[in-house]
Amino acid sequence: MNIILLGPPGAGKGTQAQRLVAERGMVQLSTGDMLRAAVKAGTPVGLKAKAVMEAGELVSDEIVSGIIGEALDQLSANTGVIFDGYPRTAAQAESLDTLLAERNRQLDHVIELEVDEDALVDRITGRFTCASCGEGYHDRYKLPKAAGICDKCGSSDFKRRPDDNEETVRTRMAEYRAKTAPILPIYEARGIVSRVDGMADIGEVSQAIGSILDS
Ligand code: AP5
Ligand code: ZN
């Protein structure tokens, strides 16, 4: 099964993808995570992406579709994929069709997380992750069970993203509205879009996504 999680910054795409990985053995392909890893490693892609990401704008379609193609080639044919943060433009949606067709994969579901944008600023500016294993947390909604210690790996090293300040979040939302939301009709025409209330509790959102995947 191959699915796209679609929604503005902070909608919960990464959170829900991590749960699907844990519960269903699917693989999460997050272009944001892959680009951040490239920036950290100082690769040529990372050097090109760094300033663009810090400004909250979109990295070029060629770069992101290239890294998605490479990532798909690492997977066995029957591994289910969650596309998280990709595609984000009409050109990327077209590239994804080609990348999937070349690998005999089909797109089963596009799940749109519907959210209230004002609440997202609060979600994003409160977000932090474990620097060792990448588990996501939030200052108010999801603190580690033992203060300062990652639930998953026991590390006490946490980090915040440089693009998680209010000004950059507003730019990221504007990019979503202008370039990403307009790709939904492509998938609506294929009858594969489902909508989930992304303002519900994390567990409820997971349940709603699970019912769609099992339907
Ligand atoms: P990317 O990393 O994809 O960021 P994003 O789309 O802005 O999404 P986020 O990761 O901010 O949010 P999310 O929806 O995953 O929410 P999360 O689960 O963390 O992209 C970053 C940048 O990389 C882009 O700006 C661009 O420059 C570049 N880029 C990436 N992909 C690209 C592409 N395809 N093309 C071009 N450029 C690209 O949740 C947020 C917080 O809320 C967390 O703290 C979480 O715990 C909490 N939370 C989640 N769900 C709930 C809930 N239901 N209730 C309460 N709290 C919740
Ligand atoms: Zn951890």
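Yeah, the Cβs are placed from backbone N, Cα and C, and that goes for glycine too.
All TrEMBL annotations are machine predictions without curation.
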Please pick, from A189, A200, the residue that TrEMBL records in the ATP site together with G10, A11, G12, K13, G14, T15, R127. A200
Please state which member of R19, R103, R161 TrEMBL lists alongside T31, R36, E57, L58, V59, G85, Y86, P87, R88, Q92, R172 for binding AMP. R161
Check the DSSP secondary structure of C130 (Zn(2+) binding site), expressed as helix, strand or coil. strand
Extent of the ATP binding site in Å [max Cα distance among G10, A11, G12, K13, G14, T15, R127, A200]: 17
At the Cα level, what's the spacing in Å between C153 (Zn(2+) binding site) and T15 (ATP binding site), rounded? 17
